Amino acid sequence: MAKLTVKDVELKGKKVLVRVDFNVPIKDGVITNDNRITAALPTIKYILEQGGRAVLFSHLGRVKEEADKAGKSLAPVAKALSEKLGQDVVFPGTTRGAELEAAINELKDGEILLVENTRFEDIDGKKESKNDPELGKYWASLGDGIFVNDAFGTAHRAHASNVGISANVDKAVAGFLLENEIAYIQEAVEAPERPFVAILGGSKVSDKIGVIENLLSKADKVIIGGGMAYTFLKAQGYEIGTSLVEDDKLDLAKELLEKAAGKLILPLDHKVANAFAGYTEVKETADQNIPAGFMGLDVASKTIADYNTQLEGAKTVVWNGPVGVFENTDFQAGTVGLMEAIVKQPGVKSIIGGGDSAAAAINLGYADKFSWISTGGGASMELLEGKVLPGLAALTEK
C-alpha cells in the first residue's frame with residue numbers, strides 16, 4: 001500500500017487520534033455482536049504498547065435529531081473495550097468542550113480515551129456526515145499531529161472524523177485493519193491468482209451494476225445469485241413467477257449478459273415458496289423456470305452441484321451477497337452449499353465482502369474457514385467497483 005501505516009510513525013508520548021468503526025448492534029444496552037471491536041484491537045494495542053495516548057473516535061447508528069440519541073451512546077462500547085483490553089477506557093461522554101479536552105490532556109502514555117458518538121454532531125447541521133471543516137479542525141487539534149484511520153467500514157464516506165481530521169494533521173496513516181482490508185480486497189481484484197471467481201448475490205441489480213461491470217473485466221467467472229438473479233433470468237426469457245424482479249433493468253441485464261460472453265453464471269434451479277412469509281408450500285423447481293404463484297427464495301440442488309463445478313480449482317474467490325434468504329432455515333441450503341464449495345478448494349484465497357455475506361458466514365459457522373471477512377459492506381462494494389475511497393485517499397503518501 002502506498003500510504004503510511006501506523007508502523008511508520010513515532011507514537012511514544014503522543015496523543016494519537018484514531019478513527020475506529022465501533023458501529024455495533026446494541027439491544028437494551030447490551031452489545032449483541034462485538035466483532036468490530038475485536039477487529040480494532042491489534043491497532044489499539046500497538047499504539048498503547050508503543051507508549052501512545054489513544055483518543056478514539058467512532059459513530060454509532062444514525063443520529064439526525066435529539067430524540068435519536070437514545071440508545072446511541074458509546075458508553076456500552078467503552079465498557080466492552082475496557083474488558084477486552086484489561087484496562088480503563090476514559091469516557092467523558094461528549095464530542096467537544098472543556099471536559100473532553102481536559103480528559104485528553106490528562107492521559108498518560110499507554111492510556112486510552114473514547115470520544116462520544118461522532119454522529120451526535122449531526123443534530124445541528126450534519127457537521128460529522130457533511131465533513132464540516134471547523135469540526136475536522138477542532139478534532140485534529142485534540143491530538144499531537146498523528147491520525148490513524150482504522151475504520152474501513154466508513155472509508156467510502158468523507159466525514160469530519162476521517163477526511164476532516166486527516167486534512168488537519170501532520171501524518172494521517174492507516175491502522176492494521178484498514179491496511180489488511182485494502183491488501184486483501186484490492187489485491188484480489190487487481191492482481192488475483194487465477195482462476196478468479198467472483199460471486200455476487202443480494203436483491204438488486206441496480207445496487208451492483210458497477211461491481212458487475214468491473215468484475216466482468218477482471219474475473220474469470222462471475223456467479224450471480226440471490227434476488228438479482230431473477231432479473232437476469234427474466235431477461236433471458238425464463239418464467240420467474242412472483243419472484244423479486246427489476247423490470248426497469250431488464251435491458252441492462254441483457255446488455256450485461258451479452259458483454260459477459262459466457263462469464264456470467266446463473267442458477268439452474270430454485271427453491272420456491274408460495275409466499276415470502278406465511279407460505280404453505282415449498283418445493284424445488286425442475287429447471288430455471290419458476291411456476292406461477294411461486295417465488296424463488298434460494299437456489300436448489302442442481303445449482304449447488306454447479307457451484308462445485310464452477311469453483312473447482314479456483315485460487316481467488318470474492319463473495320458479496322447471499323444466494324438465498326439464509327436467515328430462514330428453509331432457504332439457507334444454497335448459501336451453505338456455496339460456502340462449502342468455496343472453502344474446500346485447496347489453497348484458495350477466499351474473501352467475503354462484508355454485509356449479509358459476512359453475517360451468513362458468522363451465523364452459520366463458516367467464518368474461520370475463509371481467508372478474510374471484510375468489516376465494511378459499503379466500502380468493500382466500492383473497492384470491488386474500482387472506486388477510490390475518500391478515507392483512504394486522505395491518508396499521507398509513503
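Just so you know, glycine gets a Cβ as well, placed from its N, Cα and C.
Feature list (source: Swiss-Prot):
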- ASP21, PHE22, ASN23, ARG36, HIS59, LEU60, GLY61, ARG62, ARG119, ARG157: substrate binding site (BINDING)
- LYS208, GLY296, GLU327, GLY354, GLY355, ASP356, SER357: ATP binding site (BINDING)
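Location within the structure of each feature annotated in Swiss-Prot.
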| residue | record | Cβ within 10 Å |
| --- | --- | --- |
| ASP21 | substrate binding site | 24 |
| HIS59 | substrate binding site | 27 |
| GLY61 | substrate binding site | 14 |
| LYS208 | ATP binding site | 23 |
| GLY296 | ATP binding site | 29 |
| GLU327 | ATP binding site | 13 |
| GLY354 | ATP binding site | 22 |
| GLY355 | ATP binding site | 19 |
| ASP356 | ATP binding site | 21 |
| SER357 | ATP binding site | 31 |
Rounding to whole Å, the Cα atoms of ASN23 (substrate binding site) and ASP356 (ATP binding site) are apart by 15
For ARG119 (substrate binding site), which residues in the same chain are close in space, meaning a Cβ under 8 Å from its Cβ, but six or more apart along the sequence?
-> HIS59, LEU60, GLY61, ARG62, VAL63, LYS72, GLU128, SER129
Using Cα coordinates, what distance in whole Å links GLY355 (ATP binding site) and ASP21 (substrate binding site)?
-> 14
C-alpha spacing of ASP21 (substrate binding site) relative to SER357 (ATP binding site), in angstrom | 19
CA pair LYS208 (ATP binding site) / ASP21 (substrate binding site), Å rounded to integer, equals 24
DSSP-derived structure type at GLY355 (ATP binding site), helix or strand or else coil = helix
LYS208, GLY296, GLU327, GLY354, GLY355, ASP356, SER357 bind ATP per the record; greatest CA separation between any two, in Å, is 24
